[in-house]
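Asks: When I checked Swiss-Prot for this same protein, it listed these features:
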type     : residues : note
ACT_SITE : HIS90    : active site, proton acceptor
BINDING  : HIS260   : heme b binding site
SITE     : ARG86    : site 'Transition state stabilizer'
Amino acid sequence: MGESKCPVNFAGGGTRNKDWWPDQLRLNILRQHTSASNPLDADFDYAAAFNSLDYNALKKDLEALMTDSQDWWPADFGHYGGLFIRMAWHSAGTYRVFDGRGGAGQGQQRFAPLNSWPDNASLDKARRLLWPIKQKYGNKISWADLMILAGNVALESMGFKPFGFSGGRADTWEADESVYWGGEKTWFPKGNDVRYPNDDIYTRDLENPLAASHMGLIYVNPEGPNGNPDPKAAARDIRVTFGRMAMNDEETVALIAGGHSFGKTHGASSGDHCGPEPEAAGLEAQGLGWQSKYGSGSGRDAITSGLEVTWTKTPTRWSTNFLEYLFAFDWELTKSPAGANQWVAKNADAIIPDAFDPSKKHKPQMLTTDLALRYDPAYEKIARRFLENPDQFADAFARAWFKLTHRDMGPRARYVGPEVPSEVLIWQDPIPAVNHPLVDASDIASLKQAILNSGVDRSKFVSTAWAAASTFRGGDKRGGANGARIRLAPQRDWEVNNQPWLKESLAALEKIQSSFNGSRSDRKKISLADLIVLAGCAAVESAAQEAGHAVSVPFTPGRMDASQEETDVESFSHMEPVADGFRNYSTAPTRRRAEHYLVDKAQMLTLSAPEMTALVGGLRALNANYDGSAHGVFTSRPGYLTNDFFVNLLDMGTTWKPTDASGELYEGADRRTGSKKWTATRVDLVFGSHAELRAIAEVYGSSDGERKFVKDFVAAWNKVMNLDRFDLKRENVPARL
């Protein structure tokens, strides 16, 4: 019996729930990266381990590896630099701005699907080349950090000075299932029939939040859109994909021209000679894929992309040759040995070295996407400036490379290591350092009283604190309450925030802040960021106490206020939520329902299913819908922290029906009399409809459930309020996320 015909009568095999009900709301993404999958001790502190590393020795070992060519995978030109640059680039290059997912921060290139994407062919060999070094230094260096550092050392070993490097990327131990890579069922060179609404390569719009033109690519098709060798059309795709990775035109040109100053592509023959990708390969392959039967299968016979291009005559040294050749030659379309579209310089001498035969030379060659830098007017202007100003080119590439490889690391408070650059960059979302004594317990108590006596309904303080803190994204560690950017553009103008409660609560808090800070002789101050969180905590505490539950909501000062000048408006605009089910906000869904967006948001906030459930129920009880609506506010006591949401949702005396064909809004009526009782959204009703969520709701809706609910809500609230406090040691927030 062939392997594909093997029986599946084993644990976890057979037909699964998702096969029967493919549209079922899945909560698996809320159960990832926990201690159940992590082999390291619970108290393992990766940042501390990294700081104990002999960093210089590690870099020397990496530098030695660059020219230590192995027979089983020989180095092009005797140097692995190009391979390791590509590995680092592709590790970081999956990042996208709309949801903060992807990127290098978790070492996900080791796992499916990334380890088997067509665009990552042969990077399995790069990681195996690194294994002896990883084995030597053990847990002091994560795979996530090592892959990026190897790229930096590769640049250094070829004469380029990087901008810097930070460690701190803790490994995960399973494939991240939270990332939407696209709806396609095929990979590149197909694999784009869902992400684009039409086939017109000159007008099509890429689906959000994607940042690649095909399933299985990091960026775009190097042969041109859908294989069409049109540099101008390629420029359009490049601008979209690089833009969605947070790169502007200058950074894009710098990265392409700088990255292609090194190494080569591999297309000795057709990919038909290659075996299956790592995830489909046999056990004997030991995690390696694409094993080729063409010639030696490696070296001069290597097959990766199917393109066969060496860009410069100095592929192991930094130079401006790429830009020089780009503009010096006229280019004509040709084919690689594998039949792929590429370009060769007309009437040019053979000046490009062969990767393995020193007696051979080749004519300069380029990819369609390379020529986009010449034939797109905006890119051309930048590329010519870089050619005429090599120092500007080097600086731009160094900065863009640092941004590429560190974009998903979050604030500088997470940076560790001896090569962290001192310059503060706008894309790091800088926040001023604390420069004054912090408030103590007595101050906090008096400030709480001032907040509660301000005359502002406490639900508005809850809404404001949630609006500020819930911008956090676990993928790229951006957002959160620190910085008080809720008061700045663009956050204050987002539809979900541009409501009367924000203006009223901020005005009251600014008045309290001014009074407190102006009255002190001991230099103590409280930031608006701290005060926003404290107001939310005071409101929750008061709402619980008035409902009969004596609780203390934790609060730790130390946040500071960012300025508008320290806030990149365009960058933050990508973080505007499409939906926030926690406060019953949703724009028109596309191919997903509101409850799916809720789970998406919960995963960004690193919440578990019980935490998500407690927060939704509590925020409804506290009357914190973004627009003040009564949807899901299943209580006669709005503003009190009770379990009424769950009690009334689970009440069999209520029947529900949609208000229209969209199925977005529902009315609940008394089963006996038919009189209207409640209104609800899909997000509200899913806690009674979805079997797993209902099971949690039943715990909180039971006669003995309210005290536990209040306790769990306060814990989850505290977690969200502190998700961005990387300056604190937190036990209640998973450090490995």
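Placed from the backbone N, Cα and C atoms, the Cβ positions cover glycine too.
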Asks: Which whole-number value in Å describes the distance between the Cα atoms of ARG86 (site 'Transition state stabilizer') and HIS260 (heme b binding site)?
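Replies: ARG86 (site 'Transition state stabilizer') and HIS260 (heme b binding site) have their Cα atoms 10 Å apart.
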Asks: What does the structure give for the C-alpha distance between the residue listed as 'active site, proton acceptor' and HIS260 (heme b binding site)? Integer Å is fine.
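Replies: Given the Cα positions, the residue listed as 'active site, proton acceptor' is 14 Å from HIS260 (heme b binding site).
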Asks: Can you see whether DSSP assigns the residue listed as 'heme b binding site' to helix, strand or coil?
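Replies: In the DSSP reduction, the residue listed as 'heme b binding site' maps to coil.
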Asks: HIS260 (heme b binding site) has how many other Cβ neighbours within 10 Å of its own Cβ?
Replies: 26
Asks: Can you tell me whether DSSP puts ARG86 (site 'Transition state stabilizer') in helix, strand or coil?
Replies: helix
